[in-house]
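Structure record follows, encoded as structure tokens.
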Amino acid sequence: MAENQKIQQIDCTKVPEPTLRRLPWYLSNVKLLKQRGERFVSSTQISKEINIDASQIAKDLSYVNISGRTRVGYEVDALIEVLEHFLGFTEIHKAFLFGVGSLGGALLQDSGLKHFGLEIVAAFDVDPTLVGTNLNGIPIYHSDDFLKKMEEYDVQIGVLTVPIEIAQCITDMMVDGGIKAVWNFTPFRIRVPEDIVVQNTSLYAHLAVMFNRLNFNEIK
């Protein structure tokens with residue numbers, strides 16, 4: 001790392017959510033540039049690759065407090081390191097998954113999640129054809145065994161992929177059992193205590209946005 005390049009992390013809770021959503025895009029792009037042999041990268045270079053204004057990129061990167069060289073930019077290796085650390089990708093966060101349907105099963109088979117710091121160590125369902133089996137080496141237990149498994153695993157994150165009708169019920173069970181953060185893939189807005197972290201990722205909502213923009217473009 002260059003001597004005149006300073007890296008210092010700040011309180012992540014002060015970072016706007018839109019910035020947190022963009023930082024992984026920058027990280028992925030910088031990794032691609034590294035594969036191409038680039039040693040330094042500027043906000044302008046990243047801007048051209050991902051079509052985000054260079055001033056916005058520079059502002060976003062200011063939250064992780066990394067300063068580059070004048071007329072040269074950021075050192076690629078240093079930028080990758082600080083972004084991965086800032087985003088929590090350098091540590092493994094263990095998680096339980098609830099609901100081994102099509103989406104849940106796909107997440108269990110997504111080995112790429114571990115590269116971003118998330119390891120699903122067990123899954124829960126009530127389907128007798130699934131309970132007692134494993135998928136991608138991940139054991140599937142009955143939902144009734146959740147509390148017992150919480151004693152065996154060091155888990156704070158729950159991934160919610162159950163039917164919408166039981167989303168709140170399963171969420172309550174998770175929170176009562178000690179889960180501190182919920183990655184919610186259902187279209188239901190779950191209710192949790194203030195100290196519980198919730199990240200809503202509704203595929204249907206993203207579809208609605210895409211369809212709306214597609215229709216708008218067609219009638220222009």
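Every residue number used here counts from 1 along the chain in the order it is shown.
A Cβ is built for glycine as well, from the same backbone N, Cα and C atoms used for every other residue.
Among the features that Swiss-Prot reports, DNA-binding region is placed at 25-64. Regional average pLDDT for the DNA-binding region (25-64) in the model is 93.
Swiss-Prot lists GLY99, VAL100, GLY101, SER102, LEU103, GLY104 with the feature NAD(+) binding site, giving sequence analysis as the kind of evidence. Around LEU103 (NAD(+) binding site), the same-chain residues six or more apart in sequence whose CB sits under 8 Å from its CB are THR161, PHE185, LEU203, listed in sequence order. When secondary structure is read from DSSP and collapsed to three states, LEU103 (NAD(+) binding site) falls in the helix class.
Same-chain residues with CB within 8 A of the center of the GLY99, VAL100, GLY101, SER102, LEU103, GLY104 CB atoms, the NAD(+) site residues themselves not counted, are GLY105, ALA106, LEU107, ASP125, THR161, VAL162.
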